[in-house]
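Chemist: First the structure, which I've put down as structure tokens, then a few questions once you've had a look.
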Amino acid sequence: MHLRTLHFLILIGIFIGGQTLGCMKKVCGNNAKNDFRRCPDTDGSCGNYHTERTSGEIIDGVDVRCHLGEPIYAPIEGEMYFWRPYGGKREKSCADQGVRIEGTGQWQGYAVHISSVKLSFFGGHVEAGDEIGEALNRYCFNDRGQNDVEPHVEIRLYKEGRLIDPTHHLQNCMCTGQICESNTRNVLLGDPFKTDKRYNGVRGWDVECQMIDDDDEDSPRAPMIYSPIAGEIVGRIRLFTDSNGAYTGCDNDGIFIVGIDDWLGFEARLYNVKARADIGFGRKRIIQGEPIATRLACENSPDSVFVEIRFEGRVVNITDIITAANCKTPNFPVF
């Protein structure tokens, strides 16, 4: 089998089992949607971000519903460490166990704290979705009625050392995911949501997309491009015509995808890319994150792809969703 074909098949496998940039895997047992405990709960407390807990303290974290003994999974990839959420207090020792995961790869710069958890092992690298332990009773040290509160584990998410709201990284997560194979975090070139004269002045994001040097290849190869949205129609974009009205030029290529499901009403346009020959154009089912194209490798091709997003036909700014800063579903008016 040709090495580049083999590489593509590996990419397909990664895509099938992969994780969307900015979206966490499930944390507990059968709680596939990472549902939070009731708000208000039986004692009036709440498990949402920046709300009052049973102790009366305002917590910048969330309580994911989870019964005693249910398996706990790593929501992100990273390096795992044992952590004591109650700082070694003897009277709370039965619940003073947790985990800290320092993010790597797509989650570089993030850290997740989960408590209370009895760990199956106490360190090392974990992939998102790996089983790491089981849930403990967070109120085992207190017999004053908290047993009526929905059982849960507490999640705190840090970015560059600062607590942030993990809600839309855990629930209803709607980030685009990684767009270019050689850019795991959708690093942008220049300002976000900018106008680019190279593509007839369209407005969007210039996503870095370097050629890839494989050890088993003599020359760099063009990186794969992943669909930022789920779609059902794929079409071709040709920006320029010659004096005879013909579309010519190696770098005169791009694609558009018409959204479905959570992306209904959206359209993604990608410039400086060439659709995979085996996909072609027309009506077909495209899964978000599916490898659908390669970056162009023409003589003057930039080391980037340009992404334009429209909603109901109008160009919209979804910078936070592209960069995974916030994966909340945008609330655009329907025109």
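Keep in mind that glycine also has a Cβ here, set from the backbone N, Cα and C atoms.
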Chemist: Please work out, from what Swiss-Prot records, which of Cys28, Cys39, Cys46, Cys94 forms the disulfide with Cys66.
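Modeler: Among Cys28, Cys39, Cys46, Cys94, the cysteine that Swiss-Prot links to Cys66 by a disulfide bond is Cys28.
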Chemist: For the disulfide involving Cys39, grab the partner from Cys23, Cys46 as Swiss-Prot records it.
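Modeler: Here Swiss-Prot pairs Cys39 in a disulfide with Cys46.
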Chemist: Out of Cys28, Cys39, Cys46, Cys66, which of the disulfide-bonded residues has the smallest number of neighbouring Cβ atoms within 10 Å?
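Modeler: Each of the disulfide-bonded residues Cys28, Cys39, Cys46, Cys66 was scored by Cβ atoms within 10 Å; lowest is Cys39.
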Chemist: Nearest to Cys39 (disulfide bond) by Cα, among Cys28, Asp63, Cys66, Asn317 (recorded positions)?
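Modeler: That would be Asp63, nearest by Cα distance.
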Chemist: Taking the Cβ of Asp63 (Zn(2+) binding site) as centre, how many other Cβ atoms lie within 10 Å?
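Modeler: So the number of other Cβ atoms within 10 Å of Asp63 (Zn(2+) binding site) is 26.
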Chemist: Report, in whole Å, the straight Cα-to-Cα distance of Cys46 (disulfide bond) from Cys66 (disulfide bond).
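Modeler: Just about 15 Å between their Cα atoms.
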